[in-house]
Structures are given as structure tokens and as C-alpha cells.
Amino acid sequence: MTPEAAYQNLLEFQRETAYLGSLGALAAWDQRTMIPRKGHGHRARQMAALARLLHERATDPRIGEWLEKVEGSSLVEDPLSDAAVNVRAWRRAYERARAIPERLAVELAQARSEGETAWEALRPRDDWQGFLPYLKRLFALAKEEAEILMAVGPDPLDPPYGELYDALLDGYEPGARARDLEPLFRELSSGLKGLLDRILGSGRRPDVGVLHRHYPKEAQRAFALELLQACGYDLEAGRLDPTAHPFEIAIGPGDVRITTRYYEDFFNAGIFGTLHEMGHALYEQGLPEAHWGTPRGEAASLGVHESQSRTWENLVGRSLGFWERFFPRAKEVFSSLADVRLEDFHFAVNAVEPSLIRVEADEVTYNLHILVRLELELALFRGELFLEDLPEAWREKYRAYLGVAPRDYKDGVMQDVHWSGGMFGYFPTYTLGNLYAAQFFAKAQEELGPLEPLFARGEFTPFLDWTRRKIHAEGSRFRPRALVERVTGSPPGAQAFLRYLEAKYGALYGF
């Protein structure tokens, strides 16, 4: 068999696998949005059966045979060619999948499905003790998986693993390591705490009461749809639905869905939650369709994905220019804003206040929420913390970093869906996304000129096109670190983000 024939076999086989994965994504969307209460048990078994089938395909020995034919051939001489990018990723996925026993793959799928279902039921009841057995099972399985992946090792192009946590982190942010994250987070938290002290000491406080007036759910949805369309989200290739925990999910080309949640007494959750998920969806809609079903057509990492969502939620969506364009329309849609001035509204949606809930945190304190989760996850995987002690450790870290502490579990250790789905190692990608976003945005302004005047005129296409060319079109051709450096000229770091916050919040809070 020639290398060309082997590569064609790989393309066809992996695309077929991607179609099956796409069905899994559709089932996952349904589970989080529309499924009847009594359907969860059957759905968990469906997901386990699909996981078994996907694992069988991922470990098919023909993959190894085809890869051997292609590796070392002229097809992959250029390490940045489409074929080389695909083959390298397929080899890594094949070795990782072969190392995971089918029994573990199926158990993980079922435990994740059951864990999310339990979390949805038990969190509103504040039932930590009821949730703990699910979390223990998920953690044990994740640790078993990490031990196996640790033995397999990383991609040869990436740094070696230093500890168990790295093996899971690497699945979300290729090349990221705990030993690099810890000093980066220390630098960031030092800058954030200094900025937070100046904000709280400024004496200025926005009237956030305007955000807690009455905002009917249907009006929020209608307004959110207008924003989506104006910013460039293709509503003929997606949809917006309500859910308990907002998410974006790509079913496939032409089907990238957004969910959000609305509170009639809080403006931010529904509107900025929608803009956040829209950022994710714009990335998915901008990936090269010709490469769908291959690594070349996938996002570079969750951190890069998060850079797109945080950009549209915050750097665009919370800018004064954005609301110069949309606040007059918001006043038409929401009568409760009739007496509110643009400047006061803009200050309110950028209010800084230490709080308990990560997804509702402001730009200044958000990454301190992530620091808490990173330190707790590291302690768990290093054997320095037991799950039974997690709630108290959570409270202690919130007191230390944010000066607040939860009185219950639902707004404390149970607030996020991630651990209920076994997603250990995911949280750091949120902060990395914020850092990447600031660097990308600064570079875009350097090349396109000031962006806020464009936003004020409702012109979002120049910026969206820039991100499509520089980031989306590249798929996973580059590792996250290399992509950031290629686009911005600098490696990922904290300083661009801290400069952005300093300029914005210095102006708002008068220092």
C-alpha cells in the first residue's frame, strides 16, 4: 500500500468516526436541554454504548498500520502540512486510546453522564453528601486514566509530563504543564489583587441595581438573537436554547448550537452568557469546513477556544463602543432601562465586586476563581487533599483570595458542572483564554486601528474577519503557545491582560 492510499484510508476512517462522535454531541445537547426527566437512565446507557463503539474504532489496529505507511513519507515532510498535522494528532490519539482499557472508557462515559444528571438534581437541594459518591467515582476513574496517560507520555514535540495532573491538562491544552501554570498564575494573581485593592479603595461604586430590575425572559431572548445576528453568528447554522448551565456545542458543519440561562431579575446572566457562548460558536463556525472530521479542522485548544468567547463577552461586549451601538435598542426592548444613562449602564455591567459565583464574576476577579480551582485540583491529584475535605478547603481559599466565603454547597463547591462530568484539568484553560484574548485583541487593534469606533457603528465584520484569518482558519495546525506567538509576536503571558485591565478599570474607577 502506498503512503497516499494509507492516508486516504485514514481520512475516510477518521471522518466516519467523527460522524459517530457528532451523534454523541447531539445526544449530549439533548441531555442538557430537552430530555424528559425519566430519560436520563437510558441516555447514560446510550452514551456508554457509543463510548464503547468509539473506543473500538479509536483502537482499530488498521490505524496503526496506515500510520506506519504514512509516517516518514514525503506526505509529512513539512511538519505544518495538513497531512503532517493530522498524522501527528492521529498517532497521539491512537496511542492514548490503545492504552485506555475499553472497560475504563465505558465506565468513564457512564460515570460522566450519571454524574451530570446527579449534579443537576442535587445542586438545587444543596446535597453535597448525596453528590460526594458520584464525585469519588469520577475522581478515581480520572486518576486511573491519568496514570495510564502518564505512562504513554506526551506528544514528542511537547514538554514531558511532570505529574499526574499534566496528563489530564494536556488533553485540554496541549503542551501546558502545571510547573509553568503555577508561576504564571502567581504573577497574574499578584497583579489582580493589587488592581482589586485600588478599585475597592477608589470610593467609586456603580449603581448595579439597574441590572436587577425586571427583564422578561422572552424580551431577553429576542434581544440576544439580535446581538447574535449583528455580531456575525449564523443563525441558519445554529440555534439558541435555554439550559441550566450555558454551553456551546458543535454538532457539525452547519450546526453549531448555543445555550444560555435567563434570570428576570438579572440582566447580565442571559445577555453576557449568550455573548460568551457566541464567541465559542463563531470559532466553530469559522473552522475550515473542508477539514472537518480531521485534527486540522479542529480548534487549537480549549484555551484558544476560551479566548474567543471571552473576547466577545468582555473585550467587545462590555466595551463602551458596543453599548453605544446597542443601548438605544436595549432601552426600546426593556422598559426598565428607560431612565438609565448609557454611561451608568456601562459602568454597571463592568462593576467589580468579589463574589461567590465564577460564571457571574467580573473581569478583574474572575481569574481568582480559577486560581482557587487550579490549586484544589492540584492538591487532589498530589494527594494533599481528600474529597471529603474539599468544601472547607474551597471556603478557605475563597476567603484568602476573594475575601468572601459560601454559606452553602450549591454556591460553593457544587456550583460548576465540570467535576460532575469528570473534567479535571479543564479550569486553567479559562484563564489561559483570558490571557490569549488580551494579546490577540491588542494585536488586532495594532493592525486594524481602534476597534471601539467600529463597534459603535455596528461594524463587527473587520474584527471577525481578522480572527477568522489569523486564528480560526488555522484550526489546530499550531500548538496554542506557537499560535499565540505567531499571531502576536510574543509568547503567552499575563502582562497584556493586566495592561488591558489597568487601562479600562483605571478609567472607570478614576485612578
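Every residue gets a Cβ built from N, Cα and C, even glycine.
Taken from Swiss-Prot, the feature active site, proton donor/acceptor applies to Glu277, supported by sequence analysis. Taking a C-beta cut-off of under 8 angstroms and a sequence separation of 6 or more, Glu277 (active site, proton donor/acceptor) has the following same-chain neighbours: Pro246, Phe247, Glu248, Ile258, Thr259, Thr260, Ser309. Look at Glu277 (active site, proton donor/acceptor): DSSP puts it in a helix.
In sequence order, His280, Thr429, Tyr430, Leu432, Gly433, Asn434, Tyr436, Ala437 constitute the residues six or more apart from Glu306 (Zn(2+) binding site) in its chain with CB-CB distances below 8 Å. The Zn(2+) binding site annotation in Swiss-Prot covers His276, His280, Glu306 and is backed by experimental evidence.
Per Swiss-Prot, the feature domain 'Peptidase M32' maps to 3-506; the stated evidence is sequence analysis.
What Swiss-Prot lists as motif 'DXRXT' is 255-259, and the listing cites sequence analysis. Note on the motif 'DXRXT' (255-259): residues 29, 32-33, 228, 233, 237-243, 246-249, 274, 277-278, 280-281, 284-285 of its chain, located 6 or more positions outside it, place their CB under 8 angstroms from a CB of the stretch.
Annotation source Swiss-Prot lists motif 'HEXXH' at 276-280. Non-local neighbours of the motif 'HEXXH' (276-280) in the same chain are 227-228, 231, 233, 246-248, 258-260, 305-306, 308-313; each lies 6+ residues outside the stretch with a CB under 8 Å from one of its CB atoms.
Under the heading motif 'HES/GQ', Swiss-Prot lists 305-308. Remote same-chain partners of the motif 'HES/GQ' (305-308), defined as residues 6 or more beyond its termini with a Cβ less than 8 Å from a stretch Cβ, comprise 279-280, 282-283, 299, 429-430, 432-434, 436-437, 440, 467, 471.
Under the heading motif 'I/NRXXA/SD', Swiss-Prot lists 357-362, citing sequence analysis as support. Confidence annotation: the motif 'I/NRXXA/SD' (357-362) carries a mean pLDDT of 90 in the model.
The motif 'GXXQDXHW' annotation in Swiss-Prot covers 412-419.
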Query: What three-state secondary structure does DSSP assign to Glu306 (Zn(2+) binding site)?
result: helix
Message: I'd like the Cβ neighbour count for His280 (Zn(2+) binding site), meaning other Cβ atoms within 10 Å of its Cβ, all protein chains included.
response: 25
Message: Are there any residues at least 6 positions away along the chain from His276 (Zn(2+) binding site) with a Cβ closer than 8 Å to its Cβ? List them or say none.
response: Pro246, Ser309, Arg310, Trp312, Glu313
